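What Swiss-Prot says about this one:
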- G147, L148, S149, R150, T151, S152, K153, T154: ADP binding site (BINDING)
Amino acid sequence: MLTIFAVSDSIGETAQQVAMAAASQFKDNAEVKRIPYVKSLEDVEDLMKTIEDCEACMIVSTIITVNVREYLTQKCIEKNINIINVLGPIINVASTILNKYPDYNPGAMWNTDETYYKRIEAMEFAMQYDDSKDYRGLKNADVVLVGLSRTSKTPLCMYLANKGIKAINIPLVPEVGVPEELYEIDKKKIFGLTINPLQLIEIRKRRLDKFHRISADIEYASDSRILEEFEFADKILRKIGCRTIDVTQRAIEDTALIIMEKLGVK
């Protein structure tokens with residue numbers, strides 16, 4: 001088992017994402033451990049003690065502070081530990097092109113500026129109106145997701161919220177219908193989420209197994225019930241006239257990117 005240590009002098013999310021992207025190519029043969037706030041030479045010493053007993057490991061570093069980064073690199077050379085400095089080469093090239101000295105400010109992208117507060121507001125919005133019967137948020141939403149149960153509406157809303165986009169989701173349930181307000185808003189911000197019926201059946205069956213649901217809940221994953229829901233969803237989406245996205249075998253990140261491109265959001 002390879003252990004990839006994601007090391008940073010900030011929260012370490014960037015290093016972790018890069019490390020996880022690499023680890024995902026090796027399935028069960030690699031794991032990622034995040035080590036944030038390595039800000040001093042003493043922190044580097046503590047880090048080296050932490051990993052000294054690791055038989056197979058490497059470091060993915062996004063440390064910005066030059067002396068700390070160089071010290072960590074030197075220690076890794078001494079210990080024969082592979083290290084990848086992710087941001088260093090990028091910053092150096094950017095500095096050359098811009099003919100400007102970098103700020104070397106750890107965590108600069110997480111500063112509490114307007115973008116940060118917009119993201120927090122969007123997250124609070126998504127949680128407030130998640131899968132609820134309170135549709136007052138429809139008019140204030142940037143995105144409205146409409147789809148059957150288990151089409152990733154909630155996680156997609158939260159992902160979009162992390163990008164500062166206010167998203168609300170409306171579940172399609174034949175017995176409940178949809179709010180009239182849905183027909184009163186701009187259909188350009190409405191996205192219908194569709195999915196292959198066979199995949200939806202499999203997803204719902206796994207969910208039932210996970211929570212040991214029986215009796216009436218079995219209908220939730222039955223062929224007849226899902227056919228009924230698909231017919232209802234098709235009718236509603238046609239009536240709305242909104243754009244649709246097939247989420248079958250599609251990662252949430254991919255679906256979010258499609259939505260953001262349609263909205264013209266970077």
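Backbone N, Cα and C atoms are what each Cβ position is placed from, and that goes for glycine too.
In this structure, of the binding-site residues R150, K153, the smallest number of CB atoms within 10 A of the CB marks R150. Around the Cβ of T151 (ADP binding site), 26 further Cβ atoms fall within 10 Å across all displayed protein chains. Each of N169, P171, L193, I195 belongs to the same chain as G147, L148, S149, R150, T151, S152, K153, T154, is absent from that list, and has a C-beta within 8 angstroms of the C-beta centroid marking the ADP site. With all protein chains in the displayed structure included, the most crowded Cβ environment within 10 Å among the binding-site residues S149, S152, T154 is that of S152.
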